[in-house]
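Q: One structure, pasted below without further comment.
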Amino acid sequence: MSKLLVINGSVIPSDKSNSHEMARIFLEEYKKVNPNDEIIELDLNKLVVGTNVLTTETFSTYWGEEEGMKYINQLKDVDKLLVIAPMYNFHVSGMLKNYIDHVALANQTFSYKYATKGASIGLLDKLKVQILATQGAPKGWYPWGDHVAYLKGTWEFMGAKVAEPILLAGVKVEPLSTQSPKEIVSSITSDLIAAAKKF
């Protein structure tokens, strides 16, 4: 039995969210293939780890037991991570960035000790990650705003094995912008099911 952690990095209500619809299809198939796995869900909208911003005022407590360390230990305890990640202003949501700021901590999730010059060692090397991402613009419109590359690179930096991310792009441009989340996501259902079976 494996433990799967699901992180919701979307600010959109689930019934109106393309990324939530992607996650719904993915998890439905995942549960069929892995009926005994434990699934833990984190809604960053409702947690301090999603809303607490790193500033000079919060720096001394940011990685304390109730903040960063709690979630770092959770990542070390689970086997798999599903990240729900829409794009906002060319990046992940502020909540997801806050979460990553809490868990990307030297000597906990990565280390420079014993690394070769200019390199690091990721400490989450038993973690497998699947990224489900959406963005309003078609892929490639804004190459400098690649939130999927940021997420993939960050989790790999921390040692995780990242499965091929699934990006649903162009959701704010016609014809997709005129459709419901179910209609939009139906175009990649087979990709989601295939990824869930392998995860």
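Cβ atoms here come from the backbone N, Cα and C positions, even for glycine.
From a predicted model like this one, the values you see are computed outputs, not experimental measurements.
The annotation FMN binding site is assigned in Swiss-Prot to S10, S17, N18, S19, M87, Y88, N89, F90 on the grounds of sequence analysis.
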Q: I'd like to know which of these binding-site residues, Y88, F90, is least surrounded, judged by other CB atoms within 10 A.
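A: Counting other Cβ atoms within 10 Å of each of the binding-site residues Y88, F90 gives the minimum at F90.
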Q: What's the number of neighbouring CB atoms sitting within 10 A of the CB on N18 (FMN binding site)?
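A: Taking all protein chains shown, N18 (FMN binding site) has 26 Cβ neighbours within 10 Å.
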Q: Count, for each of the binding-site residues S10, S17, S19, N89, the other C-beta atoms lying within 10 angstroms of its own C-beta, and report the residue with the smallest count.
A: N89
